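Asks: First the structure, which I've put down as structure tokens, then a few questions once you've had a look.
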Amino acid sequence: MSFFRCIGRFALFMLDPEHAHRLAIVGLKSGLNSYRKVVDRRLCLTVAGLEFENFVGLAAGFDKNAEVVEAIFHLGFGFTEIGTVTPKPQVGNPKPRLFRLREDEAIINRMGFNNNGHHIVYSRLCACKKLGIVGINIGANKDTVDKIDDYATGIACFYDIADYFTVNISSPNTPGLRDLQARDSLHLLMNALSQARREQKKKHGFSVPIFLKIAPDLSEKELDDVAEEMKLSDFDGLIVSNTTLSRQGLRDSKLSGEKGGLSGCPLFERSTIVLAKMRQKLGKEIAIIGVGGIKDAQTALEKIKAGADLIQLYSGIVYEGPDLAITILKEILQFMQQDGVDTIKTYRDHRVEYWAKRALPL
């Protein structure tokens, strides 16, 4: 058992979750973590035209405001995602808004896109030393009437420094945001953002990949609609998935009634089923990043086998500690050695059918 699981987690869990998160950011900014990474050509891959040193990324939500971009790569991650960032700064929803469900190794959040806004985050990113792939997760302000315009503004603002964009229309904590996943709205959104990218490509001379991040609570018909719009668009990939509104199977009855999106271990099955279904619907060429419930090498590898090209995690480091990316990569290399596999890409899609045939959880 790691030092974090023995002592560090106990100490941090004595604190309010937001306070603990702030302390983690301060620690990383102070350089308390040593520089470590796992370098092995078998972990390298190219996705959406981008070259990744490894397939394990830190999901949006941890470093919302680009405060510790360099330090995240010191933890072994192959890429990181900043945000969600909105055009104007906003404080988010009232506190308390972040809850640990320890029995379930889960988190409920209703943060509400609290962030410093485009201008400040852009300035911080410009000052960073680039150590790997950095994506920008863009969103809309809570009080915005034209939410699509907020996303287009995000693409224009960060275009010259983003390695990729994530269009976050699946957070359950901004009123009306998930409505953008409905087919007619999604069609308008994707067309507008494709046009925004074309304008920026003409200006800058290069194209930045765009990923769409979806909820795990969509019906089979809604997944079909997303797949069809993805095929019609020039978006580069999908991120599956955001947090869930479901509370199915939770043991922590005290906190399970809190409003917000649920992440962590209980999300693994639901998000992996959706991932595999979307891989079947989209075919082999469109990139997919798998997120939800990854806590070790086994769950990371299962996402790849279910159809993911890359994975992201966040809740996992809350419960397993900051060494999680390094641990996953080392153990994956052991699996590859045992299986005689030369590249992580070999595992992709091995269990798509197994996961895709399962019914979507209620």
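Don't overthink the numbers, they just go from 1 along the chain as shown.
Each Cβ is built from the backbone N, Cα and C atoms, and glycine gets one as well.
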Asks: Check Swiss-Prot: it lists ALA60, GLY61, PHE62, ASP63, LYS64, THR84, ASN168, LYS213, SER241, GLY264, GLY293, TYR314, SER315 as binding FMN. Then name which of ASN116, ASN137 it lists for that same site.
Replies: ASN137
Asks: Once LYS64, ASN109, ARG110, MET111, GLY112, PHE113, ASN168, ASN173, ASN242, THR243 are set aside, which residues in the chain still have Cβ within 8 Å of the Cβ centroid of the substrate site?
Replies: GLY61, THR84, GLY92, SER171, PRO172, THR174, GLY260, GLY261
Asks: Taking just the CA atoms, what is the gap between ASN242 (substrate binding site) and SER171 (active site, nucleophile) in Å?
Replies: 7
Asks: Taking DSSP three-state, what's TYR314 (FMN binding site) in: helix, strand or coil?
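Replies: Note: TYR314 (FMN binding site) is coil by DSSP, not helix or strand.
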Asks: If you measure from the C-alpha of ARG110 (substrate binding site), which of the binding-site residues PHE62, ASN137, TYR314 fall inside 10 Å?
Replies: none
